[in-house]
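K.L.:
Pulled from TrEMBL, these are the listed features:
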TRANSMEM  12-30  transmembrane segment
TRANSMEM  72-88  transmembrane segment
TRANSMEM  95-114  transmembrane segment
ACT_SITE  Asp124  active site
TRANSMEM  134-154  transmembrane segment
ACT_SITE  Asp142  active site
Amino acid sequence: MFIILKSGRGIIRMITFGVMALGVILDRITKFFVLSTMQEGESISIWHDFFYLSCIKNQGIAFGLFPNNKNFFIITTIIIICILLYYWKSIPKGNIWIQIAIGLILGGALGNLWDRIAFGSVIDFIDIGYNNYRWPAFNLADSIICVGVGMMLIDFMTAKKSNLE
């Protein structure tokens, strides 16, 4: 919707895979840093009481919900990745915005899938809040997924608005 390229399908598809690969690589680097420098449960204040690096192994999904369902989450993630890839094939070749969004979601999903397979849990480390009011810890893959989903929602809402006018 926002950025339309006239290049061939192959170049635009490479952008999706490049964004996905970059997401996975950055996610792996950040988690490697946390795992190699911190113990599970350890927190380091980065900026006052607002931002901490905390090494947390999350066996559940968002907010730590539904722990101890590793196999279910692995299978569900693989299904979601397959659905995204199927959808990705149907996107008009010039819609770079959605290509990037899908690359972000795939990169984040693969990063967290790697954790579940390798460690049996997802490594969360971004811990923000104030005093005792903390947001549940999350990781770079979670952030990448949220940005990708947000981009898809923006595209959907603006496309729908354009169709109504």
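Cβ atoms are placed via backbone N, Cα and C, with glycine included.
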K.L.:
Are there residues at least 6 beyond the ends of the transmembrane segment (72-88) whose Cβ is under 8 Å from a Cβ of it, and what are they?
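P.N.:
Distal contacts: 16, 61, 99, 102, 105-106, 109-110, 112-113, 116-117.
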K.L.:
Short question: which residues 6 or more past the ends of the transmembrane segment (95-114) have a Cβ under 8 Å from it?
P.N.:
1-5, 12-13, 15-24, 27-28, 31, 74, 77-78, 80-81, 84-85, 87-88, 122, 139-145, 147-149, 151-152, 155
K.L.:
List the same-chain residues at least 6 positions away in sequence whose Cβ sits under 8 Å from the Cβ of Asp142 (active site), in sequence order, or say none.
P.N.:
Ala62, Gly108, Asn112, Asp124
K.L.:
Just how many other Cβ atoms lie inside 10 Å of the Cβ on Asp124 (active site)?
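P.N.:
23, counting other Cβ atoms within 10 Å of Asp124 (active site).
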K.L.:
Let me know the DSSP-derived helix, strand or coil state of Asp124 (active site), please.
P.N.:
strand
